[in-house]
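In what follows, a single structure is set out as structure tokens and then discussed.
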Amino acid sequence: MHPFSRLFRNIQSLGEEEVQELLGPPEDALPLLAGEDLNHRVADALNLHLPTADLQWVHKTNAITGLYSNQAAQFNPNWIQPEFPELHLHNDLIQKLQQYFGPLTINEKRKLQLNFPARFFPKATKYFPLIKGIKNNYPNFALEHFFATANYLWTLWEAGILYLRKNQTTLTFKGKPYSWEHRQLVQHNGQQHKSHLQSRQNSSMVACSGHLLHNHLSSESVSVSTRNLSNNISDKSQKSTRTGLCSYKQIQTDRLEHLARISCGSKIFIGQQGSSPKTLYKSISSNFRNQTWAYNSSRNSGHTTWFSSASNSNKSRSREKAYSSNSTSKRYSPPLNYEKSDFSSPGVRRRITRLDNNGTPTQCLWRSFYNTKPCGSYCIHHIVSSLDDWGPCTVTGDVTIKSPRTPRRITGGVFLVDKNPNNSSESRLVVDFSQFSRGHTRVHWPKFAVPNLQTLANLLSTNLQWLSLDVSAAFYHIPISPAAVPHLLVGSPGLERFYTCLSSSTHNRNNSQLQTMHNLCTRHVYSSLLLLFKTYGRKLHLLAHPFIMGFRKLPMGVGLSPFLLAQFTSALASMVRRNFPHCVVFAYMDDLVLGARTSEHLTAIYSHICSVFLDLGIHLNVNKTKWWGNHLHFMGYVITSSGVLPQDKHVKKISRYLHSVPVNQPLDYKICERLTGILNYVAPFTLCGYAALMPLYHAIASRMAFIFSSLYKSWLLSLYEELWPVVRQRGVVCTVFADATPTGWGIATTCQLLSGTFAFPLPIATAELIAACLARCWTGARLLGTDNSVVLSGKLTSFPWLLACVAHWILRGTSFCYVPSALNPADLPSRGLLPALRPLPRLRLRPQTSRISLWAASPPVSPRRPVRVAWSSPVQTCEPWIPP
């Protein structure tokens with residue numbers, strides 16, 4: 001049925017004779033539909049013109065919001081954070097792949113080399129203060145969101161996905177180092193790397209000996225003043241200048257010999273008496289209750305000091321203890337192997353105020369609360385004093401490497417959201433690296449084509465058994481170069497700085513440290529920390545400290561990440577396809593699709609791929625593996641042998657939104673944008689396609705409101721209730737050609753020539769489109785040859801609205817191939833000349849697969865290679881089935 005039959009009959013300004021003419025033969029109706037007067041009259045009847053009156057716009061309809069109605073994000077206190085496996089690709093990935101799949105092609109090697117490791121070096125990077133590390137997107141749950149985000153970052157660090165910044169030039173992480181990280185190793189599993197020791201041996205020997213000698217002399221005799229020591233050193237330096245280089249070497253030798261006598265004879269070391277030399281650099285832990293907090297009353301010293309109680313000195317001992325949570329909740333329980341903090345020996349006053357990554361002394365908030373008197377019933381002292389040992393202030397990973405200069409800043413903020421619109425029980429980390437996508441310093445990301453609807457139909461619309469795989473945490477599989485760490489920094493400002501910026505205490509200019517500290521002691525903070533203590537246990541102390549981390553694996557907030565992930569998965573799909581030429585393998589981002597003729601064969605391929613991927617370090621999410629049978633659900637579509645259709649959930653969503661649209665009310669153009677985005681997903685399956693939404697496009701481009709009339713709304717509902725599948729293209733030879741001039745049209749087939757004239761001159765692109773529609777109506781050919789690039793593109797939104805809708809209805813499922821004007825056999829008939837029939841140019845349609853990185857023509861496997869399936873394949877190997 002004609003898509004405008006019901007609509008034209010409901011328009012009162014159109015007479016019955018005019019309606020019959022518009023719905024009549026296409027050679028008479030199509031030129032009329034291109035007329036400007038008819039389009040204006042229909043637009044007036046449907047009230048499609050933009051409103052000129054100053055009316056109040058509607059800013060919300062159903063779940064669609066527009067201007068001035070931002071939807072507040074919902075925080076879930078019971079969010080479950082995901083657990084990440086040990087994501088570590090094989091160090092020799094390319095060599096390992098060649099063992100499994102044979103020699104790689106040039107394209108496959110190029111794609112893998114882009115990702116191993118990935119490189120990211122923008123032109124300019126903006127650094128933000130650490131206070132912007134965790135975004136306050138949930139004001140009512142600020143503390144809960146702060147600790148949950150910090151815990152998520154520490155979870156990523158434990159999985160080897162993030163680096164932890166120790167200082168400006170060193171990073172630490174957990175897991176196995178890659179080959180490019182071996183060149184920057186400083187420490188591995190607690191041992192200094194050999195190359196690092198050799199580079200520092202000569203420079204550190206003298207400095208270390210001088211430092212130990214000075215500490216030994218000061219501990220051996222308290223009466224020795226620093227002035228005498230400096231005089232002795234100056235005297236020795238004066239002697240060395242007089243005696244020359246030999247005297248200088250003799251002094252260094254004497255120092256080393258004296259140091260050896262100290263270590264072998266007196267056995268007196270820093271902060272400890274009677275210890276063996278093996279325990280010189282060993283961590284000395286003590287009970288958390290043995291520490292007392294004191295303040296330096298001097299005005300010149302702006303730091304605080306720690307004293308170790310002499311009465312409880314016998315209780316302190318050296319030990320290592322796992323960081324276990326005292327929590328009863330099962331929401332967060334990541335294993336952490338942390339050591340206790342180091343404290344000074346009894347009777348020796350020593351400054352152990354924790355230094356931050358810049359070397360600036362910063363006190364520990366937890367210890368300061370522990371050693372002060374409570375200020376009230378809601379003082380945090382009550383929470384801190386409930387445990388003897390809260391663990392260290394920071395941790396160190398298994399591996400420490402050198403890095404470029406990394407400032408104590410961040411380059412992007414982080415926050416948590418729902419994992420997806422259908423799963424609000426789990427959380428997902430969002431990293432805001434939008435600075436690299438805007439401004440004059442924005443990075444121009446590499447472009448890669450996403451498979452369009454016709455490509456999916458050509459590749460996957462077959463009668464096969466289907467299976468879909470999902471790569472677990474796909475982005476975090478791809479390692480990134482350590483040199484890119486200064487550009488991808490995230491972090492936490494710490495509890496004190498975070499809460500100070502939220503509360504009104506920022507206006508308090510009092511320099512009292514106690515008063516600033518006790519500003520945290522409110523009922524809300526106290527109750528929140530009590531609940532968080534049940535969740536995190538003593539890990540709450542670690543989460544309250546500031547830290548800076550850099551990405552070791554590919555983050556999701558950078559525009560480079562989708563491109564690299566597409567290259568990585570497409571290379572894997574290409575290798576699997578070469579070794580199994582009788583199956584279909586397709587990859588889009590982290591989704592892989594396998595297709596085979598029988599379910600038994602598909603099971604064998606699946607088991608082989610799982611074992612190979614696991615050996616390579618690629619983790620597949622087994623819970624998301626789905627067996628679809630003959631109906632593949634992929635990218636929101638249902639793909640069968642008869643074509644592609646949208647899933648039912650999208651159709652129901654569109655129907656619900658269209659029914660809820662108010663009539664005769666000006667809708668905000670932002671609502672039109674979001675509604676158009678939803679309708680566009682299903683528009684290719686309707687009779688009129690995207691052309692039916694052209695009035696909405698015009699309102700959005702003009703940034704004006706749009707009024708839905710009852711006729712236009714009912715017409716859209718009728719279009720979206722009747723959906724047609726997108727079928728796969730066939731490789732056929734073109735036998736029908738069309739051409740047009742502003743005054744006439746012509747059609748050429750293998751057996752006849754047709755021509756005609758228009759009642760009035762038309763634009764050349766409009767005339768060419770009408771000629772193609774006439775050729776499709778009269779010959780029924782699904783492949784037409786034309787010399788007009790506008791018609792070849794298939795984008796009809798630039799034509800008059802009525803003509804574009806009807807042309808999409810006529811040309812649905814029709815393919816085009818280009819023929820030069822000089823070789824177009826319909827060129828002369830379009831000019832009114834009917835020459836003798838001549839042979840048509842032989843043009844064959846190649847089904848569209850687009851220039852996408854997700855599909856590549858792979859050469860078949862050599863027949864001499866052993867088969868990868870243990871049992872005989874049901875498909876004959878002499879005639880392998882090639883995917884379409």
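Even glycines carry a Cβ here, placed using N, Cα and C.
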Query raised in the report: Looking at Swiss-Prot, Asp590, Asp591 are annotated for Mg(2+). Which of Asp470, Asp648, Asp668 sits in that same site?
Result: Asp470
Query raised in the report: Neighbourhood of the Mg(2+) site (Asp470, Asp590, Asp591): other residues with Cβ within 8 Å of the Cβ centroid, in order?
Result: Ser468, Leu469, Val471, Ala474, Tyr588, Met589, Leu592, Asn621, Lys624
Query raised in the report: Hey, what's the Cβ neighbour count for Asp590 (Mg(2+) binding site) at 10 Å?
Result: 20
Query raised in the report: Taking all residues of the region 'Spacer' (185-387) together, what is their mean pLDDT?
Result: 46
Query raised in the report: In which DSSP state, out of helix, strand and coil, do we find Asp590 (Mg(2+) binding site)?
Result: coil
Query raised in the report: Just counting, how many other CB atoms are there within 10 A of the CB of Asp470 (Mg(2+) binding site)?
Result: 15
Report summary line: Cβ density check for Asp591 (Mg(2+) binding site), other Cβ within 10 Å (all protein chains) comes to 16
